[in-house]
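Asks: Relevant sequence annotations retrieved from TrEMBL are reproduced here:
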type	residues	note
COMPBIAS	331-343	compositional bias 'Low complexity'
DOMAIN	122-217	domain 'Fibronectin type-III'
DOMAIN	222-323	domain 'Fibronectin type-III'
REGION	321-343	region 'Disordered'
SIGNAL	1-21	signal peptide
Amino acid sequence: MRAVLGLCLVFLTARAPGALSLSTNVAVIHPQDPVLRIGSNLTASCWVHPDLGIHASSLYWTLNGQQLPGSLYRVLSPSNLSVTLGALSASRQTSGDNLVCHNHKGHILAGSCLYVGMPPEKPVNLSCWSRNTKDLTCSWAPGGRGETNISTKYKLKYKLRWYGTEKECKDNTHTLPYSCSITQDLHLFTPYEIWVEATNQLGKAKSDVITVDILEVVTTDPPSGVMVSRVGQLEDQLSVRWEAPPALKDFLFRAKYQIRYRLEENQDWKVMDDVGNQTSCRLAGLRPGTVYFVQVRCNPVGIYGSRKAGIWSEWTHPTAASTPHSERLMSGSCDSKSSGDSNSTLRRELKQFFGWVRKHAIGCSSMSMKLYDQWRVLMQKSHKTRNQVGSPRG
């Protein structure tokens, strides 16, 4: 709070030549730099040294540069003028509001900072995660409406659950506004008790205590080396491959992955949840001749034998690829009637199969992909056979 006071302090002194010693203040405001609850009343007085020959009735007050009406003043003595402020509203900034006493010429005689706010409420939404087991970062939110309007200090405190002494997190350089990272002397096999304490000059509050096992809140870097490519000339499929997060390659763990993809012109993502721990996947049932954006993320499972899954990583940056154009859509419509009937039958059969795939087998299951490829080969052979039967012989 001391540093903040320095930003607001407008206390100045003037000297009457030959009348006062250099160490004597010509004017003083009382109380100096008060801290008050919102809605409080305040009576402040400005005392002027009698040797200056300035009568209190010639003084006036300003609050944040705005002159206060004379109806709020009271002359307490020839050298003392008070002002009464009722139902104070919150300070405009945590560095306080400026209450200043002026002489009749507008010169500043003395000033005080008003800090008007509320005591902190119980911090909420405390949660923690560990990036690659190298740290333990926790974030929280202020309680209530979230703003006390005066300088409030938050401390993240922790200790090992069954023994150990209480410690305070010191690394507050995290990009999140209410967060702190524990980066030293981490214990991977003993849970922590963690809480937040909020303090200002009007009171203090403490969050609920949570218990955190680092191995159960591990999150990783996103997977690396994501590649999306076509599957031959299959116009409705794309192949996705990636590598496990580099930082976890030396850890004993199983990873599970998710893929999401969307059309170039659409912002809605479709998520594939059945990827498992494999590092490749086939997307089927896509639109021919269309650009897709694809992302992958990872969740570490069983770090050092932990029974719980970790926390999903961030998604990788989008990787774009396009499906081939459909030959059927690009071909002309000059076939004979029999050929048209054959194509119609093929399209109908494929449509039926696509419906079955979307309902039962779409995704990254190797079994469904093999079955799908076999069906495509069978349909292509059937299509060729029908064309040969329907073509005129020379």
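Cβ atoms here come from the backbone N, Cα and C positions, even for glycine.
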Asks: Take the domain 'Fibronectin type-III' (122-217) and count its residues per DSSP category (helix H/G/I, strand E/B, coil), listing them in that order.
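Replies: Going through the domain 'Fibronectin type-III' (122-217) residue by residue, I get 3 helix, 45 strand, 48 coil.
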Asks: For the domain 'Fibronectin type-III' (222-323), what are the DSSP-based totals of helix, strand and coil residues?
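Replies: Going by DSSP assignments, the domain 'Fibronectin type-III' (222-323) contains 6 helix, 51 strand, 45 coil.
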Asks: Note the mean pLDDT of the domain 'Fibronectin type-III' (122-217), expressed as a whole number.
Replies: 88
